[in-house]
Each structure stands twice: as structure tokens, then as C-alpha cells.
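A.B. asks: Dropping the structure in here first, questions after.
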Amino acid sequence: MKKITNIGVFTSGGDAPGMNAAIRAVVRTAIYENIQVTGIYRGYQGMIDADFVNMNRRSVSSIIQHGGTILKSARCLEFKTKEGRQKAYDNIKAHGIDALVAIGGDGTFTGADLFSKEFEIPVMCIPGTIDNDLYGSDYTLGYDTANNTVIEAIDKIRDTASSHSRVFFVEVMGRDSGCIALNAGVGGGAEAILMPEVDSGVTELFDELALAESREKSSMIVIIAEGDQNGGAYNVAKIVKEKFDHLDIKVSILGHLQRGGSPSSFDRVLATRMGFKAVKELMAGNSRATVGLRGTAIVTTPLEEALSRKEFKLDEELLAIANIMNK
Ligand code: F6P
């Protein structure tokens, strides 16, 4: 087994709170183990542009509490081409980088898997996305913080909704995932929750709203994941208005504020454990795998498995509970 001397760390795809804490853990663990660390700016784009920075313990001082990513992020089309990846490899080789830690989501993992196979460079991934839509970890970095952000927003919306006896359609992030919608919907006491994975249609929503009305609720909040099959909050609000013309309906799209903010205690500790584990696994000769939390343990899963398993990640029990709490 070749000894690793210089780990390149980068963040890619949508940013998520906790990414900085993960970078910090990678840097400090590696330096403790006498391994150099190179920060790669803007993910795969930075590899292609040779946008590198040599990191030391102080490069990551006072970042654990900040959202976003000090290494910046990007979605890089050029890396999808063989020429782009060759350029990236030539640059990291010239800089002496002999292993990688990739922090990001599905697209980041796909790129890391391909790159590692093509150029035989060891790589470990850390799941960082607020969507919580990756196999191999019960929780992805940023998911807990995003849930807290959304719940805080729902509480505020509830204040004004109750004061005016209004119905609010609140759209949350999740292009393919209803995890935030379900979790924050339950935590925020939503009257109905629409998610991409559940083909509930609007009839069920009509029933839920009619029931809430019959109970003389002073407000109603419907949480809609952006990827819901009924076409987003504005569309659902329009359909509902056609049937319930008497309702005072408002729409609120929470958008990118869900991606920012100081990471929660849970995300900071999880990120630190994951960053530590990623370096340790590279040192032990593991590669092409993701670290993740299963139960209370930090484990690894081969990337090939993580990428091929598109499992239903919504908590079935929580789904059932949500359907009782809103009755
Ligand atoms: O980070 C994941 C995610 O938040 C999705 O839920 C959302 O659709 C997407 O990112 C939007 O990201 P961007 O605006 O950066 O393309």
C-alpha cells in the first residue's frame, strides 16, 4: 500500500451547513497524522483550473460555526468530459496530491467514483447536502440545520396565518427528496405535507383541508417539497383556490435561505466525525467509498453501492404519524 502524503479536499454541488466543519476535521486529522492537505477551490472546476491552496491548522480556525464552504462550490460540466478529467488529474498530480476527500451530494459522488477508477487515485466521500437523499448515511450534513431553519420559518408563518385565519402553502427544498418536507412538516405541525416520493394527488389534500376547516382551525399550513408531483406551491395553491374559493390563501417559497446559516450542534459533530473517518480510511487503504452515520456508528459504504441504491428514504413510521397528527 502506497503511503498517502497529500490529501486534496474539496466541496462540490449545492453547499450545506456543516461543510466547513468537515473541511476542518479533514485538515486537522491529516496534519496530526503528518499528511499535507491541499484545499481545492470550487470543486472539480478548481481541479481543472489548478485553483489550489496549501492548508495548515490555522487555515481552518473559526470556521466550524459558519455555513457555506470556505473552499467554495460549483457544478462543473467540463469534468463530465474525458479531457476535463485528464486536465484535472494532470494538475493534482503536478501539485503532489495523492488522495482526495470529496464533500457533496450525488453528482459529487458520481464524479469521484469515475475519476478514482480512471486514474487510480484513492478517494473518500463525505455526504453533504440538505436534501438527505444519499444512500450510506442516515443523515447527510446540513439536513438537521435545514430542518431547524424550516421549522423556525413555519413557526413564524403560523403566527401571521393564525392572526388572519389564512392558509399557507410553504415550499421547501428537495428536488427529488421529501425528507425536509416530512420532517419539518411534522415538527412544525403542518396540516398537510406533499412530497415527490408519495403520489398523493390533490384529492387527499382537498380532504385534509376540508377536515381542518370542519375543525375550525384558525390557520392551515401545507408543506410542499419543491419536487412534488403536483408542480410546486404556486400550482397547488391555484388548484386549491379553484375548489375552495372562500379560503384566504398565501404562498411562501423558502428557497435558498434553507441552505445557509450556522450549522446545528448535530451537524458540526457529525461533520467532525465524518472528516476524521475519511482521513483514517484513506490511511488504512480504503478508497471509492463514502463515510456515513448508521445508527450511532460512522461506517463506510462502497461508492458503487451508494450510487446504485436509490432507496425510499422517507421514514415510513413518521409518514404514518404525520397522517395521524393532522387529523
Ligand atoms: O442542495 C440541494 C438542493 O437544495 C435541492 O433541493 C435544490 O433543488 C437544489 O439544491 C438547488 O440548487 P441550486 O440552486 O444551487 O442549483
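Cβ coordinates come from backbone N, Cα and C, glycine included.
Take a look at what TrEMBL says about it:
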- 6-280: domain 'Phosphofructokinase' (DOMAIN)
- Gly14, Arg75, Cys76, Gly105, Asp106, Gly107, Thr108: ATP binding site (BINDING)
- Arg24, Ala25, Val26, Val27, Arg28, Arg158, Gly189, Ala190, Glu191, Arg215, Lys217, Ser218, Ser219: ADP binding site (BINDING)
- Asp106: Mg(2+) binding site (BINDING)
- Thr129, Ile130, Asp131, Arg166, Met173, Gly174, Arg175, Glu226, Lys250, His256, Leu257, Gln258, Arg259: substrate binding site (BINDING)
- Asp131: active site, proton acceptor (ACT_SITE)
A.B. asks: Do you see any of the binding-site residues Gly14, Arg28, Arg75, Gly105, Asp106, Glu191 whose C-alpha is within 10 Å of Arg259 (substrate binding site), and which ones?
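C.D. replies: Close binding-site residues: Gly14.
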A.B. asks: Quick one: which of the binding-site residues (Arg24, Arg75, Cys76, Met173, Gly189) have their CB closer than 6 Å to ligand 1?
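C.D. replies: Near ligand 1, sequence order: Met173.
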A.B. asks: Starting from the Cβ centroid of Gly14, Arg75, Cys76, Gly105, Asp106, Gly107, Thr108, which together make up the recorded ATP site, report each further residue of the same chain whose Cβ lies within 8 Å of that point, ordered by sequence.
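C.D. replies: Checked against the 8 Å cutoff, the neighbours are Ser12, Gly13, Gly43, Gly104, Gly111.
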A.B. asks: Calculate the per-residue pLDDT averaged over the domain 'Phosphofructokinase' (6-280) and state the result as an integer.
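C.D. replies: Mean per-residue confidence for the domain 'Phosphofructokinase' (6-280): 96 out of 100.
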A.B. asks: Go through the binding-site residues Val26, Arg28, Thr129, Glu191, Lys250, Leu257 and tell me which ones have a CA within 10 A of the CA of Gly14 (ATP binding site).
C.D. replies: Thr129
A.B. asks: Please report the distance from the Cα of Gly105 (ATP binding site) to the Cα of Arg24 (ADP binding site), rounded to the nearest angstrom.
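C.D. replies: Here the two Cα atoms lie 19 Å apart.
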A.B. asks: Please tell me which one of the binding-site residues listed here (Cys76, Asp106, Thr108, Gly189, Glu191) sits closest to Met173 (substrate binding site), measuring Cα to Cα?
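C.D. replies: Going through Cys76, Asp106, Thr108, Gly189, Glu191 one by one, the closest to Met173 (substrate binding site) is Asp106.
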